[in-house]
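One structure below.
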């Protein structure tokens with residue numbers, strides 16, 4: 001652009017210069033041209049200023065006479081005209097020189113302006129390039145900002161949705177909190193009522209209950225010490241087994257090293273045998289070629305039979321070595337094949353075990369959390385709850401390697417504690433286990449079985465799992481034994497008051513107690529009342545299970561009619577019958593039986609049918625018996 005403007009300016013300056021020259025160019029007058037044509041050589045003479053030398057003028061004057069003056073006049077006029085023309089031309093030349101100087105100055109100015117314009121254009125181009133680069137960077141920054149804005153909008157939407165979800169959850173939790181608070185208030189009200197009822201009992205009954213609770217506390221302490229001793233024994237066995245596993249691990253590592261060394265030696269022997277076979281094949285081919293070559297026409301000497309026999313023996317020996325080597329290679333290949341088959345079988349077993357443990361891990365994740373119970377324990381069953389807590393801690397320490405056995409143990413403990421708890425509380429504590437088999441977590445099977453460390457760690461892990469499962473089984477056996485001992489002790493305590501328990505169970509508790517005197521009669525009557533109440537409690541438990549098996553509208557096959565329940569309420573002075581009937585009514589009307597929390601009770605009754613029909617009376621239920629009226 002700058003060059004084009006410069007060329008245009010130069011062209012305009014040239015045009016102006018041409019116009020100026022055309023305007024100021026000198027024009028010769030027409031009279032002067034005529035004088036040049038008519039006079040011939042007269043203008044040449046006039047070049048000397050129109051003056052002739054005196055010699056010529058004198059000669060002319062003398063020669064021509066009167067005509068010389070006329071010619072002189074005629075010559076003076078063009079000379080004067082030419083002088084005027086020359087003066088005008090000199091003036092024009094000076095003017096032209098001035099104009100040329102002015103034009104040169106203008107040209108210099110124009111060139112200087114062009115250079116300045118070039119510099120300005122270069123600066124503008126540089127600035128333009130810088131601006132283009134800045135525009136590109138701004139566009140890139142704009143795109144980045146747009147992407148950041150898009151991501152920020154997405155994250156904002158995500159956080160808004162999350163906040164909405166959290167608000168909904170908070171609302172549900174608040175609702176649940178209100179429900180739980182209402183349930184807790186109801187429970188507290190029932191507990192207050194029960195406390196008021198218990199406060200109306202006699203002082204002797206409370207003292208007797210305290211004695212019984214102290215006995216139970218002593219028994220539970222003994223059992224707790226036994227559990228601690230068993231736990232210490234289990235820890236010692238675990239340490240011994242860990243040492244045994246370390247020795248087994250070292251032995252397995254040594255065996256793996258030996259196997260790897262044997263494999264390396266077999267590979268080396270195989271390579272050496274292959275080389276020997278190649279050498280023998282080459283020697284055999286050479287011997288065959290030597291035997292196949294035709295005899296020369298004139299042999300220098302016929303080979304003897306001894307040499308031929310020697311060659312045959314050599315050939316047979318080479319063939320025998322070759323066959324032996326082939327057989328050896330076949331045996332090595334068979335050994336390698338068998339070893340590969342064994343490794344594949346081990347991998348298949350490990351894969352099946354991995355799948356089994358993965359299935360168990362999936363079922364473990366489906367377990368539900370235990371249902372929280374909002375009942376404050378009384379002074380009588382605090383020790384039992386502490387025992388349950390210690391058993392849970394022991395179960396957590398043993399781990400979740402065999403959760404099926406641990407769940408059975410927990411169910412048995414909760415059943416025992418529910419038998420030991422007060423039957424009037426209605427609900428009792430139970431775990432909300434959803435169910436099914438609880439698999440042990442799957443150990444990750446190492447893919448690279450050839451690595452010694454992975455194989456040894458995998459075998460160590462499997463043995464630890466087996467050890468833990470055995471420990472859980474031993475703990476279950478111990479708990480079963482403890483449960484049987486508890487039943488025997490309760491039977492023994494029931495049979496202590498002098499053989500009156502049987503008659504009292506049949507309904508004669510009041511009369512038998514009246515026959516005796518003092519505290520013995522009171523204890524016997526309490527035992528009779530406890531047996532009758534517990535029999536009614538067992539009947540109510542069976543009815544509850546029957547109602548759980550059957551629908552809510554249909555009564556169970558062994559469930560009595562409501563009239564029978566009302567009659568049972570009127571029989572005697574026992575309040576526990578009304579509690580069992582109310583428990584049955586709740587079992588029929590309660591919609592929670594359709595929920596998973598009521599299913600483990602029915603499942604426990606199916607798996608252990610002896611729990612509902614056991615006639616042992618827990619000692620804590622005597623604390624709930626009404627005072628016998630004398």
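For all residues, glycine too, the Cβ spot is worked out from N, Cα and C.
Feature region 'Disordered', per Swiss-Prot, maps to range 352-379 of the set 296-323, 324-351, 352-379, 380-407. Per Swiss-Prot, the listed range annotated as region 'Disordered' is 424-444 (candidates: 214-234, 235-255, 256-276, 424-444).
Per DSSP, the secondary structure of the compositional bias 'Basic and acidic residues' (352-362) breaks down as 11 helix, 0 strand, 0 coil.
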